[in-house]
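*Asks:* Below are the features listed in TrEMBL for this protein:
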- A:THR152, A:LYS178, A:THR189, A:GLU276, A:ASN400, A:SER405: substrate binding site (BINDING)
- A:THR189: active site, nucleophile (ACT_SITE)
There are 2 protein chains.
Amino acid sequence: MAVGLGDLPKMHPVAGFELGIASAGIKAVGRRDVVVMRCAEGSSVAGVYTQNAFCAAPVILCKQRMQSAPRYLVVNTGNANAATGDLGLQAANAVCQQLADLVGCPLQQVLPFSTGVIGEQLPVEKITAALPAALADLREDNWALAAEGIMTTDTLPKGASVQFQHGEVTLTVTGISKGAGMIRPNMATMLGYIATDAAVSQEVLQNILHDAANKSFNRITIDGDTSTNDSCILVATGQAAVATITEPQGELYEALREAINQVAMQLAQAIVRDGEGATKFVTVQVHGGAHQQECLDVAYAVAHSPLIKTALFASDPNWGRIVAAIGYAGIKDLDTEQVNVYLDDVCIVAHGGRAQAYTEEQGAAVMQQAEILIRIELERGSCHETIWTTDLSHEYVRINAEYRS
Amino acid sequence: MAVGLGDLPKMHPVAGFELGIASAGIKAVGRRDVVVMRCAEGSSVAGVYTQNAFCAAPVILCKQRMQSAPRYLVVNTGNANAATGDLGLQAANAVCQQLADLVGCPLQQVLPFSTGVIGEQLPVEKITAALPAALADLREDNWALAAEGIMTTDTLPKGASVQFQHGEVTLTVTGISKGAGMIRPNMATMLGYIATDAAVSQEVLQNILHDAANKSFNRITIDGDTSTNDSCILVATGQAAVATITEPQGELYEALREAINQVAMQLAQAIVRDGEGATKFVTVQVHGGAHQQECLDVAYAVAHSPLIKTALFASDPNWGRIVAAIGYAGIKDLDTEQVNVYLDDVCIVAHGGRAQAYTEEQGAAVMQQAEILIRIELERGSCHETIWTTDLSHEYVRINAEYRS
């Protein structure tokens, strides 16, 4: 029941980045649940990872290997290999080692990724048995199947792809993501893979990814839960005939950064649109904060309130629940009489109370929409923040009450 | 579908504290939705209130009047008189003034309380029209009807009553509460009224209430939403033949404090047991924290996680979701290998991973129970905290998606 999420856009291949998909049958026989990605030699690879203290075994290994010029990524769904202790690390390594042996590269150049149930040991043999088929399947135009291969409770594959010109050269940025539940700032059960054929030094690439994630993946929330496995990887293969970007400046740098931001934003919003049980895509904007953090505190208080989320599900313009959430967001010395709230263009709260011209019909009309903007003005300063979230539906409860069965 | 909450216990009357109930028909004709309480002259009255910045008009007035030796409390359900601006203050005052006129006391001695929908103006005339009937109904043995009179989405009335001996004198502490939704620390859409016939100075009484609330009402959470209207009042009528307590010490002080804590705890737990859509009563204990706050941070991360709450609803011992929540609670330098988690007596996580002896059947057996203890050991220090919460069910979504209709 994804909100405003259609078929994948045209997924432009990225020279030097290949994807292969195979079936390991981890949760269901025949399901294509293993994806291998190969980066051309000389690629730069950047990564951002979950801040959960219980980060999963593959995340621990990925972080260790970012400076080892990674060449291969291997992803499995159905099992998160999280909270699995030393055995989990050994299992992730065993998968990596098998892949390294098959392709003849050092273990340190293989990055593992897992998503699925937490706390069960990784079925290593099932995964390694699928690696030859995944390698045989490696192709630059395999993005769409890979987008399906990394899905868990997602209902639709998620992808984004943009191209831009630099002189006579057409550059490409293409990416895929998966999400659906356990989504909140600081990454989520969210996996994202973005590749470009531009050439970028590892340090600059890491900064671009960090900024892009902060504007996209770190501004979405479905249920407030932060997963143990979130990872987002950005690869620059350097196959396009342009100079290597080694400094965060210049026309090419700016154009590339903009393209990557755009892809990251589309991938992040796609995760929200396909949030577990989502029937609404909700943008929460907070303006006029004294600083960035208080804008985020208010935005997340609103986005995480089960009472607001159920009202959104019910298309009920229950603005009282919104002001209550603003009130408990912990803003120091909040002058409630300065607070205004809009649903799209309809002012529902002015100066801390129900707006005089507001009618329930106006609010109800906005709430009927599948996409809703909640705009909050604090009138305390000039900072603003935007996050994206969903409603809380019967379907969310059903999915998460039944997930392991 | 309250969990382990039966009929009201025997509600011992408190000499000098009378309650009267009447019907104002605020939301439904015939519903007894107005309660008046009268404190004998010379009573001490203490109060604790919501910390929501958008606190409701009646809360603003109550706070102003705590030092005016309040004699009357007037409660309405069906309308919270919150986010109603100056008109809301005038409306609350109009109700108080009418009551003051009827009984011949100063306006400042009347405390107003409202609970219900936020952001609609209080139907003053309906409420004032019901005041004579409420006053005519004032009786010391009216606790049970008053417990019903303050209900909103509660499915059962909530009361607690204890007696203890001091020398030859039997002292009484009796209280009622309402809650059900928008419940979290720092009070909730929670109203509580506790009275004793002991004699206590206002200052000591305020401290007793503050401590009692911190161990009870401020340790419960249903949906993480903090209401605009939470109020808890403690009245000491001084009608018992014992000396006035003016210092926080002595046998009588200790016995009274213990009795008040016990009543507050029962009232708070009753609110959780009757949480909106609750099918489980869940105690979350965090031991071995370096300080109190980190114990609370972990406990609330677990208690607020929609993924854990839906797993509780499904009776699914999904311990992976529990360690994930511990991991994102923001504990600085958490050594995950020290973390142990128990469901009742079953160790499910040892040293940060699935406990070796643990079987899914053991966890499932605990999760089938209506009352579940989640015990978390951090092994970082000697602090511990306990909070109480519920699961997240289809019924919660239904109630909150339909509440205003």
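Glycine residues also receive a Cβ, built from the backbone N, Cα and C atoms like all the rest.
As the structure is a computational prediction, the values presented were derived from the model and not from experiment.
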*Asks:* Could you check the binding-site residues A:THR152, A:GLU276, A:ASN400 and tell me which sit with their Cβ under 8 Å of a chain B Cβ?
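*Replies:* Among the binding-site residues A:THR152, A:GLU276, A:ASN400, the ones whose Cβ sits under 8 Å from a Cβ of chain B are A:ASN400.
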*Asks:* DSSP three-state call for A:ASN400 (substrate binding site): helix, strand or coil?
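*Replies:* In the DSSP reduction, A:ASN400 (substrate binding site) maps to helix.
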*Asks:* Just name the winner among A:THR152, A:ASN400 (the binding-site residues) by count of other CB atoms within 10 A of its CB.
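*Replies:* Per the Cβ count within 10 Å, the most buried is A:ASN400.
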*Asks:* Sequence gap of 6 or more, C-beta under 8 Å: which same-chain residues meet both conditions with respect to A:LYS178 (substrate binding site)?
*Replies:* A:THR77, A:THR115, A:ALA147, A:ILE150, A:MET151, A:THR152, A:ASP154, A:LYS158, A:MET190, A:LEU191, A:ILE271
*Asks:* Measure the Cβ-based neighbour count of A:GLU276 (substrate binding site), defined as the other Cβ atoms within 10 Å of its Cβ.
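*Replies:* Counting Cβ neighbours of A:GLU276 (substrate binding site) within 10 Å gives 28.
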*Asks:* On the three-state reduction of DSSP, what should I expect for A:LYS178 (substrate binding site)?
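*Replies:* In three-state terms, A:LYS178 (substrate binding site) counts as strand.
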